[in-house]
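Down below is the structure, laid out as structure tokens.
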Amino acid sequence: MKRDWLKMNDDKIAPKQVLIIFMLSTGLVNHVMAIPILLEVSGRDAWVSVLVTASLYTGWIVFLYWIVKNMKGKPFFEWIRERFGLLLASLLSLVVAMFLFLMMFITFKDTLTWTITSYFPQTPILILALLFATIAYFCASSNIQSLAISAAVILFFVVILGFFVMTTNFMYKDYTRLFPIFEKGFSPALHGIIYSGGGLAEIALVILLQHRIYPTIPLKNMWLLGFILVGLTLGPLMGSITIFGVSEASHQRYPAYEQWRLLQIGKYISHVDFFSIYQWLSGTLIRLSILLYLSADLFPLPTPHRKWLLRILSLLLVGASLFRIGDAELYAFIKHVYFPASLCFFVGLSLFIGMLILVKRG
């Protein structure tokens, strides 16, 4: 009985641990990938775009909570199979798994590009790819409880460093640079909703994770998570505008990273931007690990087969990262394809699951 209890706890995480995982995983996208695009597309109105998205976000979170509540802790594949058959369950799970792989690839490739550009210019990409993929594989192949505990330990230092860079750079911030807004009409702010929404929409991953959460995640926790994710976008975005000005910030590839370069402690301590390496790689590790875990957890596989699937996905990820894609091409793909696709995918998946719930009730 005691062993069964321990096994059950290894397979479950508490609602608070969900917040920790999402803060690192989705926080990386909102903190790193979305901000440069928001600044380019919306300019000074980028922060307004995030606030507009946040107002829509609160209602959508209620809808997601309704979906989670109606799934009643059933795994995604099993829930669909019991109601609509094996074919629909298999097809939908395969589509979801393919998009999860795209998310992993974008994160993996962007991190490798930044790593080589910033501090490992002479290191072969294959070595770095194998190193990152191996660590992510071992994290994903363990139980979800171990992954959540690792994320909690990592997040503690990430949060401290985040507040450190925010407060230390306060002397450089000029909040008058946030205004005036709507100089070019409402169009830039509305256009930015695609990119702020594309990152924030990842909270829908809770649909795939809900059967691993005990007790069921409360609505207040989902609202808190949504508030935190909005803050992880809004904070560094406003920081970039107030420190560098919208003209300079909109031309930076990684505005959040540039804020670390300004940081100086007293007269003699500077160049502490190596702390940003810890922040970025921590987010990447947890993001790759949870996406790998969810990809394998989608399908009802025995443990040996599940581990083989994780190995195959990890190797595919390494292989895909070796394709010669320049940073400009990757940025264009993220801007024109990935973020719009992410928004459409997660909203579409949520609406589809909601429709299935209503159809079954009818």
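One-based numbering along the chain as shown.
Backbone N, Cα and C define each Cβ position, glycine as well.
Look at TrEMBL and you will find 20-39 (among others) tagged as transmembrane segment.
Positions annotated as transmembrane segment by TrEMBL: 45-68 (among others). Within its own chain, the transmembrane segment (45-68) is flanked in space by residues 35, 38-39, 178, 181-184, 188-193, 195-197, 200, 203-204, 206-207, 210, 216-217, 219, 222-223, 226, 230, 233-234, 237-238, 241, 347, 350, 353-354, 357, which lie at least six positions past its ends and keep a Cβ under 8 Å from the stretch.
Residues annotated as transmembrane segment in TrEMBL: 84-107 (among others).
Feature annotation from TrEMBL assigns transmembrane segment to 119-140 (among others).
Taken from TrEMBL, the feature transmembrane segment applies to 147-172 (among others).
According to TrEMBL, the feature transmembrane segment maps to 192-210 (among others).
According to TrEMBL, the feature transmembrane segment maps to 222-246 (among others).
As annotated by TrEMBL, transmembrane segment applies to 277-296 (among others).
As annotated by TrEMBL, transmembrane segment applies to 308-325 (among others). Non-local neighbours of the transmembrane segment (308-325) in the same chain are 101, 104-105, 108-109, 112, 125-126, 129-130, 133-134, 136-137, 140-141, 288, 292, 295-296, 299, 301, 333; each lies 6+ residues outside the stretch with a CB under 8 Å from one of its CB atoms.
As annotated by TrEMBL, transmembrane segment applies to 337-359 (among others).
For the transmembrane segment (20-39), the neighbouring stretch richest in Cβ pairs under 8 Å, chosen from 84-107, 147-172, 192-210, 222-246, 337-359, is 222-246. Beyond the ends of the transmembrane segment (119-140), by six or more residues, the same chain brings 108, 111-112, 146-147, 150, 274, 277, 284-286, 288-290, 292-293, 296, 310-311, 314-315, 317-318, 321-322 to within a C-beta distance below 8 angstroms of the stretch. Using a cut-off of 8 Å between Cβ atoms, the transmembrane segment (222-246) and the transmembrane segment (192-210) share at least three residue pairs, counting only pairs 6 or more apart in sequence. Under the criterion of 3 or more C-beta pairs below 8 Å, with sequence separation of 6 or more, the transmembrane segment (147-172) and the transmembrane segment (277-296) qualify as touching.
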